[in-house]
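*Asks:* Right, I'll just put the structure down here and ask away after.
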Amino acid sequence: MGTTARLKGFIILALLPTLLIYTFFVIVPIFWSAYYGFFDWSGMGDAKFTGLANYIEVIKDEIFWRSLKNNFIIIAASVFGQVPIALVLALLLMKNSFVNRFVRSAVFMPMVLSTVVVGLIWGYMYHPQIGVVNYVLKSLGLESLTRAWLSDPKINMFSVSIPIIWNYIGPYLIIFIAALQNIPSEINDAAKLEGAVGFKKLYYVTLPMIWNTVKVVIVLCIAGSLKAFDQVFVMTGGGPAQSTELLATYMYNNTFEVYRYGYGSAISTMIVIVSMILILISQILMKRKNQ
Amino acid sequence: METKTDHREVLIPRTSLVQNINVWKIGKSWISKIILILFAFAMLYPLYWLFVSALKTNQEFFENPYSLPIHWVFDNITRAWELAGMGKAMINSTIVTLAAMFLTLLLGTLTAYVLSRFEFRWKGPLMLFFTLGMLIPIHSTLVPLFMIMNKIGILDTYWSLILPYTAFELPIAIFLIAAFMSSIPKAIEEAAMIDGSGYWGIFFRIMLPLSFPVMSTVAILAFLRYWNEFAFALVFINDQALKTLPLVLTIFSDGFGTDYSLTMAAMAIAVLPTIIIYLFFQEQIMKGMVAGSVKE
């Protein structure tokens, strides 16, 4: 009895600080913003209850839908950019040779860089006058292809996607390499005996063997690209004329630039809902295809 | 992760036909090697450009933006350090990062110890509760956290970064450490228990020291995350004297917009610590980040 009471006391005391910090800073904010979405508050004075007004305004705002669409562009660019690149590289870099290790660490390196620095460097690289992108095009004689990469609303969403793709290939590459190295050597031997080589082997043997990993990576990729904010915020701030607005930059600009905390709370709640729906859908789709 | 050496190759008879195939294979593998190395350099190019530009004069930056500097100048670095308060920002980043790392490691190991060693009624729901946090999009908490911290008066202090950083890193830290602790044999603790050590004694004298390998991984990941974090710092810190490196960089690039080599020098100062850490702890960082992301 004495020891169980002591154990109980220890467990409670050991878990308490973690639970307090975690609940207060991670969980409470979700409910807080859902609640304050019903109020109008400018940061000073009293908050005024306005019912569903903020939520309705968000849904009616064309910019909200554009931001959502832009988020989907980032997700699509990540899934169709990062996953194939990581997979092809993993097939080429599977063996642990010196050169392969070097290439792997080069591909992974952007992961440790500050996202602000990534945004700033790419911002310079896209610069119409001093940027390397236009410079290379000019020196290749492709003058007609040079443009203002970040300000032309027709292409700037794709321009901001490239640094994000570049930034996050690393972990997917490592996951794919681990999966490929885990394929039992008997299976490779059997494939060789059956005469499956090259693309045939890739399609009939290798891909099916790592298909579950591919699915996990796609789910991770969707969840990861939902978090995109820093690079785009630094490169364009959501502009020009809100053409590169993401849900997170839209939330930021509507809250901290114009001091509408109630409206910002409503957008935050929408971000949570959108994220949860997307994560749920991607999980369900992945499980269904499994059967 | 081990390479499987292919013993069968030794058994293949070396007829001329096979040798021809080998020549073709070797040629192909060299071409793919060269392409891969070029690809690696392309991946590294933005970073190379950053460091090269940081060591040029502005005039040279405009005249030949892509070559190595003709005159290496370190003047930009010292100017960035003094002019833009990069020194002060470095101190702020260090304080916030170290404090949050300390809290993350202490609370993370303590919680992981309880979760990996004891059975109690709320364990299952508790694990689920921590998993939930990893699904919450971090940016959706910016507005409510701003309001909450404003209310309790810690906005615009170091705590407004230290506490949220710790809170959001804890789930990953707990899962990584708990997985490691589960692999430590229980016999050691049982012996200590018989010797009369209490739970706290076992934690501090046995479990904590035994967990150093995984703690170092968690520490490195936390360092990278805290050092580079931008969104929270942008929203929660307004006081010029408290701004962290990423924040100062954005202001800097606005203010000194056309002084490119100065801005590049400031960025070089900010990324150098993370690159050095990466060069030393590559394997650990790769494995840790992958384990952390898969847990999510």
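Placement of Cβ uses the backbone N, Cα and C atoms for every residue, glycine included.
As annotated in TrEMBL:
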DOMAIN    B:90-281  domain 'ABC transmembrane type-1'
TRANSMEM  B:34-55  transmembrane segment
TRANSMEM  B:95-115  transmembrane segment
TRANSMEM  B:127-149  transmembrane segment
TRANSMEM  B:161-181  transmembrane segment
TRANSMEM  B:202-224  transmembrane segment
TRANSMEM  B:260-281  transmembrane segment
*Asks:* Considering only Cβ pairs within less than 8 angstroms, which of the stretches B:95-115, B:127-149, B:260-281 has the most against the transmembrane segment (B:202-224)?
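*Replies:* Going through each listed stretch, the top one turns out to be B:95-115.
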*Asks:* By Cβ distance under 8 Å, which residues at least 6 away from the ends of the transmembrane segment (B:260-281) in the same chain are close to it?
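*Replies:* Cβ under 8 Å, 6 or more out: 47, 50-51, 53-58, 61, 73, 76-77, 79-81, 83-84, 86, 90, 220, 223-224, 227-228, 245-246, 248-249, 252-253.
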*Asks:* Checking distant contacts: for the transmembrane segment (B:34-55), what same-chain residues at least six beyond its ends satisfy Cβ-Cβ under 8 A?
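*Replies:* Counting only partners 6 or more residues beyond its ends, the transmembrane segment (B:34-55) has Cβ contacts under 8 Å with 61, 65-66, 68-69, 72-74, 76-77, 260-261, 264-265, 267-268, 271, 275.
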